[in-house]
Amino acid sequence: MAATATMAMPLANRLRCKPNTNSSSPSRTLFGRRVTMISSSRWGSAVSGSAIMSAAADVAAAVRREEDEEMRSYLSPEKLEVLTQMEPWVEEHVLPLLKPVEAAWQPSDLLPDPAVLGGEGFHAACAELRERAAGVPDLLLVCLVANMVTEEALPTYQSSLNRVRAVGDLTGADATAWARWIRGWSAEENRHGDVLNRYMYLSGRFDMAEVERAVHRLIRSGMAVDPPCSPYHAFVYTAFQERATAVAHGNTARLVGARGHGDAALARVCGTVAADEKRHEAAYTRIVSRLLEADPDAGVRAVARMLRRGVAMPTSPISDGRRDDLYACVVSLAEQAGTYTVSDYCSIVEHLVREWRVEELAAGLSGEGRRARDYVCELPQKIRRMKEKAHERAVKAQKKPISIPINWIFDRHVSVMLP
């Protein structure tokens, strides 16, 4: 998973479902729930301001209770049984996406290896790698660090999946298809941080001590998953993350490669990682498709909830030990560099909507499920409109970029346009 992978886009975070226009009473949607509101004119002089605030608090509390009840429903025996019944299907359709160890690439396949090149050949290859790396601009280097730091936080992601009900690896060596998938996926993901770390070390362009501290901080910070333990939401989240990571690494490969800045070694590394992520995306996308077939109403509501809140980036607590707004800087730099953009976010949503055939869902949907389906299908266009408006506001405001030092690259300055 890459840092730019789900920058979750502040624009997307502001989006909410449309009010229900079929009701005779005014309504609004909170957390995907319709709540009938009493217009301020009806309160008028009869109710004091404090009473209005108290009523609003009661409404919010009711919404939270309803949401909590819905989240608990995803952990009911009936819902978890859906995952248990999928075990033979996972064995047949998901586990084959893992490659045998002997057929899998390793970091030493992509970078200079003294065991293959010998001492002199290794040093010559490292010198060539450093020469090529010298042409990569600092803006892309910062984005690369963010991606690498996120990949290195794999322990956080594996522990999160192991907490998911009905699929977690409870003993650490369970023989279930779900548990074997999690361990196999983690083993393949482990190479991503390793190969990026090794490239960065050999290139000489990075202050590796500062980069390593960033990794340390991120793993130590952990990641709160919302909602916790729900397999429906966990697989939607991971499918999106894997797709976004593939896009981010693929974009980076193109930007630094022969048609970009001429660093063939880095392009090869990023392209290889991107191919892995696409394979992993296929697995999680298949799982969500299967859930939507087995339980369309709960499945589409889980998709809507995750997208409505914005797919939270796993590295939002990323830190350099100095700037409180580092995450915002990384998001903006990724947009500027083109490694991961709002347009990419929209394209990913559209891709998953097509893959999961969300628009075709009808049978078995409740009213809430239909609203969730419509929200998901309309979301990309909403984000694009908000992006256009945000751009117009930025042009009018005539904001200027600021120059900030980044300790990952020896405090060299990069120019960033913050929101």
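Sequential numbering from 1, following the chain as shown.
Even glycines carry a Cβ here, placed using N, Cα and C.
Feature list (source: Swiss-Prot):
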- Glu151, Glu189, His192, Glu277: Fe cation 1 binding site (BINDING)
- Glu189, Glu242, Glu277, His280: Fe cation 2 binding site (BINDING)
- 1-54: transit peptide (TRANSIT)
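Using a 10 Å radius centred on the Cβ of His280 (Fe cation 2 binding site) and all shown protein chains, the other Cβ atoms total 22. Cα of Glu242 (Fe cation 2 binding site) to Cα of Glu277 (Fe cation 1 binding site): a span of 6 Å.
In terms of Cα distance, the binding-site residues that sit within 10 Å of His280 (Fe cation 2 binding site) are Glu189, chosen from Glu151, Glu189, His192.
Each of the binding-site residues Glu151, Glu189, Glu242, Glu277 was scored by the number of other CB atoms within 10 A of its CB, and the lowest score belongs to Glu189. Every protein chain considered, the tally of other Cβ atoms within 10 Å of the Cβ of His192 (Fe cation 1 binding site) stands at 27. In the three-state DSSP reading, Glu277 (Fe cation 1 binding site) counts as helix.
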